[in-house]
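These notes concern the structure reproduced below.
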Amino acid sequence: MMVAHTAQQLDLREKLLTNGVHSLSDIELLAVFISSGNNKKSCLQLAYELTKHLGNLRNILNADLQSFKSIHGLGEVRYAQLQAAKEICHRSDFIDLQKEIRLSNTQQTYAFLKKRLRDYKNETFAALFLDNQHRIIAYEELFSGTINTATVYPRPIVERVLQLNAAALILAHNHPSGLSDASQQDLAITERIRDALDLVDARLLDHIVIGDNEVYSIFAENKWACN
């Protein structure tokens with residue numbers, strides 16, 4: 001059985017190397033990542049069961065450890081590797097974003113923030129810190145809360161702006177409900193942070209709300225924020 005499993009693994013790798021990674025199905029791609037099975041199941045069988053259990057690659061990437069381990073033959077090692085691969089992708093996206101001389105590509109910025117925040121189970125509040133040419137200094141996740149709220153304080157944000165010598169920033173947070181519309185609380189904290197930043201001559205460029213499939217720009221939809 002193990003000989004057959006090994007041959008199957010080699011076939012998948014050969015297919016990838018010969019025809020390119022895009023030639024593999026989702027299950028085959030996951031099987032290459034899993035790499036090896038056990039004496040009862042091949043990597044392809046494990047990939048099939050995991051996909052059947054969780055539905056799709058996005059759900060697999062965002063699954064918690066217990067859901068992942070519910071498939072016999074998959075454990076903490078593979079889960080840790082999967083989370084590391086996911087983070088590598090996020091950091092690669094950030095490198096692409098940093099290549100911009102100036103942060104002028106709004107859609108690229110939205111796409112990065114959406115990919116980074118959309119799948120968190122709890123509301124998470126983040127910021128892109130920029131220099132006076134709107135080049136990215138850092139991306140940081142500053143506050144995390146419950147499924148429907150995160151407590152946000154302007155003071156730590158201002159302190160971080162001063163530490164990084166940032167001249168501007170873009171705020172972003174997710175709505176785990178999937179809805180991207182800004183709440184009254186979102187508008188209020190945006191105004192409080194903008195006013196706090198004014199005291200240190202830093203400019204708030206936007207506050208982006210991330211839903212499941214859409215993003216909402218508080219500044220684009222609420223002209224008061226640009227005054």
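Cβ coordinates are placed from backbone N, Cα and C, and glycine is handled just like the others.
Copied over from Swiss-Prot:
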- 102-225: domain 'MPN' (DOMAIN)
- His173, His175, Asp186: Zn(2+) binding site (BINDING)
- 173-186: motif 'JAMM motif' (MOTIF)
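Overlay of Swiss-Prot annotations on the structure.
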| residue | record | Cβ neighbours (10 Å) |
| --- | --- | --- |
| His173 | Zn(2+) binding site | 26 |
| His175 | Zn(2+) binding site | 21 |
| Asp186 | Zn(2+) binding site | 19 |
CB-centroid shell, 8 A cutoff, Zn(2+) site His173, His175, Asp186, site residues removed: Glu123, Phe125, Asn174, Ala182, Ser183, Val209, Ile210
For the domain 'MPN' (102-225), the number of residues DSSP places in helix, strand and coil: 45 helix, 34 strand, 45 coil
